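K.L.:
Next up is a structure, given as structure tokens.
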Amino acid sequence: MAPPSSSSSRAWGSLTPSLSPWIIDAMASQGFTRMTPVQASAIPLFMAHKDVVVEAVTGSGKTLSFLIPVVEKLLRLEEPLKKHHIGAIIISPTRELASQIYQVLLSLLEFHQPSAAAIHPPEEDAPRPKAASSTLKIVPQLLLGGSTSPAEDLSSFLKKSPNVLVSTPGRLLELLSSPHVHCPQSSFEMLVLDEADRLLDLGFKEDLQRILRHLPKQRRTGLFSASISEAVDQIVRVGLRNPVKVAVKVKGGGGAEDKRTPASLQMTYLTTPPSQKFSILKRILSTVQPTPQKTIFFVSTCSSVDYLAMILPIILGDEFLLVPLHGKHPANVRQKNFTRFTTSTTPSILLTTDVASRGLDIPSVDLVVQIDPPSDPKTFIHRCGRAGRAGRRGLSIVLLHPGREEDYVSFLEVRKTPVTPFSLPEAGSDVDAAVATQAIRAVILQDRAIHDKAQKAFVSWLRSYSKHQASSIFRVADLDWEALGKAWGLLRLPKMPELRNFTGDRTLGVINDWDNFSYKDKQREKNGGWRWKNLLAEMDKKLKKKEFKKARKDKERWEKLPDEEKQKVLETERMVEEIRAKNEQRRLAKVADKDKTLDDAGDNSDSFEGFD
């Protein structure tokens, strides 16, 4: 089903069935003057007792598309739900996304007086308003692994008797397993699976199947996702009954196109030498005008985030607030850093892994820079989609090294994700790169612990690079080790299997007194840095275990794919190889033409024509 095209049909008061007046007031008060296309399509269907499968670009307003029907449904019941009975459940793949959904729900319920009073009870000694037991209201509860224990969640449930749960899969399953939690057919109304494809990507399929067994079959189910994969289709067949499918597509200048990114988003690439991998970031930030207030830098590993959070401020200066975020941070640190970024009133940069590429509602992101191209092409789209949300103009830049990595542009084009060159008024310079390297090394030399972080980050980055899905484009054998080592500010290249045949300068031109290179932490200095001595061996062991598991899962996934899907994958691989071969032929032809021109000119050409 396509969304309504007329803007006049997207007034909040035009829906059938109609919305409650307080919800229309809430939307106006929050600045939402009109529905987005996905809201105009999904809300009336979900309110009209239909199962829905909604596929829409990121930032299109999916959250209100399911929250409003859930709220309307529960507030239109003939009588309130019984104590400890659940009316609706919303499942999210990550803690951050679940928290955001919960906050949006709370902001909506502030406009419904009975619900607001239940959510914010008066102090113990304050006079309590007398509310009739028959008053319908929404009482939500947020369930997150890592922030509270299952026992604490159950205690809160028994005390507050919520009728709507917003949760990640694992913690929800634990609560539903309690005999005190009830989801009978007479009470339970709606189930929402948000970012359904990522729920499955993160390995929650078994948890979802077990959750479904706790819920009555006679229910309304909404599945919301940026893409509908074969795995999501399986959930649709098992968990939904005759669903109505809503696909929101972007209209470009040439008419309707099957795009998965907002039309207001400009997707670009920038080719830069490995030595300028990080120094070029300052030039990008100064080129984009007006100065981006909210920027996201994506890198491939958690270790990279930890190390770059220490060195990027040296390169970028103090004009930007740099906030790190990755999946290995404790839950309270993740929430604290995320809030710090979203509430900052000065130009801010979120330095993150793909934990922030999906679902998180980060308002007003102006710029996305993919320092490391993602391994999964789908992730490329989701990263880009952090900018240009809800009609706001945004810019995305992916950084590529010259040579074979430039084939990534053609690779994306095959995937129907075209990118255009990003132009810098002045190209990055080797002088900038050398100054940045010198500044980073000066900081590293003050504490061997930072050196260890740099080595660990570089190793983890390389391991990630070596596992890129487009392995014919991103090849370890083509890397310029010395240039990359200097860009990372390394004092020497780490000992690792990938460098076994490297014959260059492992010291990267650095003369260092390693015997007296000490740790600021006296206890660590006393232990002689024992952690680092065994780090590479531990990483190798973990890597082999991961690769074995991945190979087994890939094999199982391939065997389960329908023949048609297998054919598509093989065809894409064939096209990529053809593109790579053609690009290589063009490159060799250019080199041959340049050599022939020089031979023809001989010694008679003494005019300067520029450097190669």
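Heads up, the Cβ atoms here are built off N, Cα and C, so glycines get one too.
Reproduced below are the annotations present in TrEMBL:
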{"type": "COMPBIAS", "residues": "586-599", "note": "compositional bias 'Basic and acidic residues'"}
{"type": "DOMAIN", "residues": "12-40", "note": "domain 'DEAD-box RNA helicase Q'"}
{"type": "DOMAIN", "residues": "43-246", "note": "domain 'Helicase ATP-binding'"}
{"type": "DOMAIN", "residues": "280-432", "note": "domain 'Helicase C-terminal'"}
{"type": "REGION", "residues": "586-612", "note": "region 'Disordered'"}
{"type": "MOTIF", "residues": "12-40", "note": "motif 'Q motif'"}
K.L.:
For the domain 'DEAD-box RNA helicase Q' (12-40), what are the same-chain contacts with Cβ under 8 Å, counting residues 6+ beyond its ends?
P.N.:
3-5, 47-48, 54, 56, 60-62, 64-65, 68, 71-72, 75, 107-108, 110-112, 246, 248, 390
K.L.:
Take the motif 'Q motif' (12-40) and count its residues per DSSP category (helix H/G/I, strand E/B, coil), listing them in that order.
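P.N.:
Summed over the motif 'Q motif' (12-40), the classes give 16 helix, 0 strand, 13 coil.
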K.L.:
Pop the mean pLDDT for the motif 'Q motif' (12-40) in here, whole number is fine.
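P.N.:
Averaging the confidence scores along the motif 'Q motif' (12-40) gives 90.
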